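According to TrEMBL, the protein has these features:
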- Lys7, Phe8, Gly9, Gly10, Thr180, Asp181, Tyr186, Arg191, Lys216, Val217: ATP binding site (BINDING)
- Thr47, Glu81: substrate binding site (BINDING)
- 282-357: domain 'ACT' (DOMAIN)
- 363-424: domain 'ACT' (DOMAIN)
Amino acid sequence: MARIVLKFGGTSVADLDRIKNVARHVKREVDAGHEVAVVVSAMSGKTNELVGWVQGAPKVVGANSPFYDAREYDAVVASGEQVTSGLLAITLQAMDINARSWQGWQIPIRTDNAHGAARILEIDGSDIIKRMGEGQVAVISGFQGLGPDNRIATLGRGGSDTSAVAIAAAVKADRCDIYTDVDGVYTTDPRIVPQARRLKKIAFEEMLEMASLGAKVLQVRSVELAMVHKVRTFVRSSFEDPDAPGMGDFLNPPGTLICDEDEIVEQEVVTGIAYAKDEAQISLRRLADRPGVSAAIFGPLAESHINVDMIVQNISEDGSKTDMTFTVPSGDVDKAIKVLGENKEKIGYDVVQNESGLVKVSVIGIGMRSHAGVAATAFKALADKGINIKAITTSEIKISILIDGPYAELAVRTLHSCYGLDKN
Ligand code: ASP
Ligand code: MG
C-alpha cells in the first residue's frame with residue numbers, strides 16, 4: 001500500500017464523460033489499497049474564459065494604464081478549479097467511493113502575496129493525511145492557495161502541476177502521478193522526430209532543462225519543487241483505458257518517472273534534445289573593453305525585465321575594443337534595442353546589430369559530466385549537414401547551440417540520431 005497524489009489537467013477533465021474516466025483512474029488506485037489525493041485543473045478552456053472576463057470588465061484608469069485589482073482577478077480565475085473538484089467528488093461518490101472536495105483555503109495552502117503569480121510557502125497536510133487514513137479520497141482544487149491577506153491567491157498559469165507536487169511533498173506521498181494528454185516525456189518532440197522514444201526515467205535536473213526549453217509537459221516551477229523535495233513525479237496519459245493491463249502496476253506503470261539521478265541505473269550520456277524557437281541575437285560592436293562594461297549592458301536590460309540567455313564576449317585584439325553578443329526572446333528585441341540606445345553613452349559602443357528568427361537547440365544529459373567529446377560529436381554532425389553555428393554555451397549537463405530558424409528541424413533530427421536516441 002502506498003500514498004499517491006494524482007493530478008489531472010484541463011483536457012483530462014474537459015467534460016462530464018472525461019471526469020467519469022478520471023474517476024475510474026482514481027477508483028483503480030483506491031481498489032488497489034492506496035491512500036489517494038487528487039489535484040484537478042479547471043475544465044479545458046475555462047481559465048482562459050475567466051481571464052477574458054476579467055480583461056473585459058470595466059477598469060479603473062490609473063496614471064499609466066488601466067488597472068484592475070489582482071486579488072479580484074484571483075477570486076474570479078480560481079473558480080474554475082472549484083467547479084472541477086466538486087464535480088469529481090460527486091462522480092466518485094456515485095461510484096461508491098468516499099470522497100470530498102477541498103479548496104486551497106480549506107487545507108490551507110499558504111502562499112505569498114504575489115496575487116496572480118503566487119508562490120506556495122507552506123501546506124498543512126495534517127487534515128488530509130488523517131482523512132486519507134480513514135479511507136477518504138481528497139479531491140483538491142489546483143492552482144490556488146490562501147495569501148497572507150487571507151484572500152485567494154493563484155499560482156500562475158499551469159500552476160496546478162505545482163499544487164500537485166507541493167501537496168505530494170506535504171503529505172509525504174510515495175509518488176505524484178501527473179495525468180495529462182501526452183503519455184510521457186520523450187527524447188525530443190515526437191512531432192519533429194517520429195523516432196523519438198518515451199523515456200522510462202529522467203533525472204530532475206534534466207527535466208528542468210527540458211521543461212524550461214519548451215517541452216511543455218510540466219510547469220517549470222513544479223519540476224523545481226519536485227527536485228528540492230525529491231518528489232518522485234510520474235507523467236502518464238489520462239486517455240488510456242483506466243483498466244487496461246498494466247495501468248495499475250504500481251512499480252512499472254506506463255509513462256515517465258522524473259526522479260533522483262541515483263535511481264537511474266542505466267544512465268545514457270545524452271537523455272534528450274530540446275529546442276526553443278523565436279530567439280534573437282543582439283551584437284554590440286566595438287565596445288570599450290574595460291571593467292564594468294557588462295554591468296552597464298545587462299543591468300539596464302534586467303531592470304526592464306528582458307530575459308538575456310546566451311552571452312558571448314570576444315577577446316579584443318588590441319585590448320581596447322571588443323564585441324559582445326547575446327540572445328533574447330524575439331519579442332523583446334525592440335525593447336532591448338531601445339534600452340541599449342538610451343544607455344549608449346554609459347556603455348560606450350559603436351553600433352548595435354540584431355537578427356531574429358533564430359533557434360536554440362540543446363543537448364541534455366547528466367551523463368555528460370563524466371564523458372568527454374559530447375560537444376565535438378554535435379559539432380561534427382551539424383557540420384556534416386552544412387548547419388552553421390552562431391553561438392554556443394555549455395553547462396555541466398547541457399550544450400546549447402544557436403542556429404538559423406529554417407534549420408531547426410534538421411538540427412534536432414541530426415542531433416537526436418547522432419547520440420543514438422532514435423528508436424529502432
Ligand atoms: N487552470 C489553470 C490554467 O489554465 C491552472 C492549470 O491548469 O494548471 O492555467
Ligand atoms: Mg498544464
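Cβ coordinates are placed from backbone N, Cα and C, and glycine is handled just like the others.
TrEMBL entries are annotated by machine, without manual review.
Its Cβ placed at the centre, Glu81 (substrate binding site) has 30 other Cβ atoms within 10 Å. Among the binding-site residues Lys7, Gly9, Lys216, the ones whose Cβ sits under 6 Å from an atom of ligand 2 are, in sequence order, Gly9. According to DSSP, Gly9 (ATP binding site) sits in a coil region rather than a helix or strand. The secondary structure of Thr180 (ATP binding site), as reduced to three states from DSSP, is extended strand.
Look at Tyr186 (ATP binding site): DSSP puts it in a strand. Across the domain 'ACT' (363-424), the prediction's mean pLDDT works out to 95. Counted with DSSP, the domain 'ACT' (282-357) comes out as 28 helix, 26 strand, 22 coil. Remark: of the binding-site residues Lys7, Lys216, the most isolated position is Lys216 (fewest other Cβ atoms within 10 Å of its Cβ). Residues from the binding-site residues list (Lys7, Thr47, Thr180, Tyr186, Lys216) with a C-beta closer than 6 Å to any atom of ligand 1: Thr47. Neighbour count (other Cβ atoms within 10 Å of the Cβ, all protein chains): 24 for Thr47 (substrate binding site). In this structure the C-alpha atoms belonging to Thr180 (ATP binding site) and Thr47 (substrate binding site) are separated by 17 Å.
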